[in-house]
Structures are given as structure tokens and as C-alpha cells.
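Visitor: Relevant sequence annotations retrieved from TrEMBL are reproduced here:
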type	residues	note
ACT_SITE	HIS164	active site, proton acceptor
BINDING	CYS172, CYS175, CYS223, CYS226	Zn(2+) binding site
DOMAIN	40-317	domain 'Deacetylase sirtuin-type'
Amino acid sequence: LNMFPAGKLPGGCRAIRPQHLRHRCIPTASPNLAFVPASLPPHPAEVQELQRFVSTSKKLFVMTGAGISTESGIPDYRSEGVGLYARSERRPIQHAEFVRSAGARQRYWARNFVGWPQFSSHQPNAAHLVLRHWEELGKLHWLVTQNVDALHTKAGSQRVTELHGCTHRVFCLTCGDQTSRSELQEHFEALNPGWKAEALGVAPDGDVFLTDEQVRSFQVPSCRKCGGILKPDVTFFGDTVSREKVDFVHQRLAESDSMLVAGSSMQVYSGYRFALAAREKRLPIAVLNIGPTRLDHFASLKLNSRCGELLPLIVAH
């Protein structure tokens with residue numbers, strides 16, 4: 001997987017190219033429902049409503065959240081009963097803590113090192129592939145994902161902005177030098193020969209649960225160019241999305257005629273702001289998410305189904 005393709009657009013987006021429009025067949029495993037909240041199968045009336053919404057749309061703006069990746073085996077934070085917040089007292093690392101504390105960085109990278117082989121092996125599910133297909137048909141104008149798992153890119157999506165970045169990339173906070181997360185894994189292994197730790201559970205962003213005792217001897221590499229702090233190319237809690245990226249997404253939304261939110265409760269403002277902008281533009285908004293969202297009171301359509309179960313039932317022309 002090439003995480004640094006040529007032809008990148010502003011705002012961390014990838015340019016669409018004719019050679020990428022060929023039909024791709026990416027094998028996907030059966031849905032992994034361990035982290036998916038219980039839901040009823042889609043009602044035929046719901047299928048018809050979403051079909052009508054998609055058929056009417058000519059330039060569809062799609063925003064996805066953690067709920068589109070749970071069927072690939074990646075847990076989310078907020079889902080009732082199965083999300084990280086429901087299963088543990090654990091909370092995601094804060095940006096200020098990561099930057100300020102060497103101990104916090106050691107703890108983060110040790111957990112991430114253990115979790116990376118499994119996290120990076122997750123594959124797109126049916127929902128990711130459907131959205132890729134809609135893009136190829138010209139139905140999907142732009143896709144914005146709040147996820148950092150690269151599954152849309154793995155599925156072959158090109159017209160995509162990773163709003164919160166991607167765990168498959170790492171950069172230096174001092175000089176800005178970028179490297180791939182897989183390359184950094186090799187650096188970790190070289191610095192920590194014989195270091196082993198058994199994971200106590202998996203978290204949404206690629207790390208696992210470890211005890212303080214387990215991480216105490218873990219060595220964290222510095223930037224090879226300047227010796228600075230290495231950080232995953234993701235927006236941690238407490239940090240902000242760049243103005244350039246936000247403006248770019250607003251431009252893509254302005255070119256669209258409808259909005260579909262898939263797998264997100266939209267509790268985080270960095271994504272919610274685009275739904276507010278769509279409402280101001282009087283665009284029809286459809287929400288596909290198990291459980292309540294911040295959009296429920298003004299969405300044109302709200303559906304409580306699994307993304308990977310309902311989206312494949314929709315025919316896009």
C-alpha cells in the first residue's frame with residue numbers, strides 16, 4: 001500500500017486518475033460483528049428511502065466515521081455496549097500530553113508497536129467497497145472520513161480526504177519529515193530486540209492495552225534527520241484540523257448536492273461542522289448509523305442499520 005502517491009491535492013487529498021478507475025476486486029472477509037452494536041436487518045421501506053435519496057443525488061458528499069470500520073474488526077469509542085468507552089475506563093491520548101511528556105510518548109508507542117501488526121492487517125468491508133464503486137460511477141463527488149485506518153484507501157477510493165490523518169504515516173514534530181508507519185516498525189524492532197509484551201485488549205486507533213510495567217523498558221526512536229519527536233500523522237484529541245484541509249473540504253461540499261453520513265454519531269465538531277454547513281446550504285442529509293447522532297433533528301433521512309448491510313443493497317447509476 002503506497003501511502004504517499006504522486007498527485008496529492010491540497011488538504012491531504014489524493015487526485016483521481018483514469019488508471020485508477022478500473023474495477024478492482026478486493027477480497028473481504030465476512031463481517032466481524034464483535035464491535036458492532038445490535039441492530040435489526042434493514043426494513044424494505046428503509047432500503048427504498050435510501051435508494052430514492054441516492055438516485056436523486058448527482059454529486060453526493062459522503063462523510064464516514066468509526067461505524068463504517070467496525071465490521072472490519074476495528075472498535076470505535078462511543079457505540080453502546082461495545083465501544084471503548086463502554087468496555088473500559090481507558091481514554092485516547094491527548095495531543096498536549098503526547099507533546100509534553102516523554103513517558104506518555106513511550107506508553108503510546110509501546111502500545112502502538114504491539115498493536116500495529118493486527119491493526120494494519122484489517123481489510124475494507126462491503127461498505128468501503130460500495131463507496132469506491134459509487135466514486136467510479138461518478139455518483140460520489142467526494143468522501144471525507146474521520147477514520148485513521150486507511151481502509152478507504154485500501155478499498156481504492158481516490159476522491160477522499162482523511163480529516164484526522166492516517167496512522168499509516170508518521171512525521172517529525174520538529175522538521176516535518178515523513179515516513180511510513182511500517183518503516184518505523186522496523187526501527188522499533190531494531191531498538192527493542194527481545195522486548196515482548198502481551199496485549200490485554202485492542203483500542204480503536206491501533207494501540208492495545210499494556211501495563212506500566214510492560215512499557216517501562218521500551219525504547220522510542222527519534223527522527224533520523226533531526227532527532228525530533230515522532231508522531232503519527234493523526235489529529236489527537238485536543239488538537240485541531242488544519243485550516244487548509246477544512247477549507248478544501250468546504251469547497252468540495254459547496255460543489256455537492258446532497259450529504260450522506262455513514263457510521264458516525266458526529267459528536268466531534270471537526271466533522272459536525274460540515275453537517276451544519278450542509279444544513280445552511282439546504283442540502284438533503286441522510287444519516288446511516290446505529291444509535292442516535294447530533295444530526296437526527298435536522299436530517300432528511302435517518303436509518304439505524306449496519307453500513308455493510310444496507311449500502312450494498314443500493315443501486316447507483
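Glycine too: its Cβ is placed from the backbone N, Cα and C atoms.
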Visitor: Could you give the Cα-Cα distance between CYS223 (Zn(2+) binding site) and the residue listed as 'active site, proton acceptor', in whole Å?
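Guide: Answer for this pair: 22 Å between alpha carbons.
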Visitor: For the recorded Zn(2+) site, whose residues are CYS172, CYS175, CYS223, CYS226, find every other residue on that chain with a C-beta no more than 8 angstroms from the centre of their C-beta atoms, and list them by sequence position.
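Guide: Near the Zn(2+) site, the remaining chain residues are LEU173, THR174, GLY176, ASP177, SER222, ARG224, LYS225, GLY227, GLY228, LEU230.
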Visitor: So how many other Cβ atoms are close to CYS223 (Zn(2+) binding site), meaning within 10 Å of its Cβ?
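Guide: Excluding its own Cβ, the number within 10 Å is 19.
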Visitor: Using C-alpha atoms only, work out the spacing between CYS172 (Zn(2+) binding site) and the residue listed as 'active site, proton acceptor' and round it to an integer in Å.
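Guide: Spelling it out, the Cα of CYS172 (Zn(2+) binding site) and the Cα of the residue listed as 'active site, proton acceptor' are 17 Å apart.
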Visitor: Among all chains shown, work out which of the recorded positions HIS164, CYS226 has the most CB atoms within 10 A of its CB.
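Guide: Within the set of recorded positions, the most crowded position is HIS164.
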Visitor: Which whole-number mean pLDDT does the model give the domain 'Deacetylase sirtuin-type' (40-317)?
Guide: 90
Visitor: Between HIS164 (active site, proton acceptor) and CYS226 (Zn(2+) binding site), how many Å separate their Cα atoms?
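Guide: So the Cα of CYS226 (Zn(2+) binding site) lies 25 Å away from that of HIS164 (active site, proton acceptor).
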Visitor: When you measure from the Cβ of CYS175 (Zn(2+) binding site), how many other Cβ atoms are you left with inside 10 Å?
Guide: 12
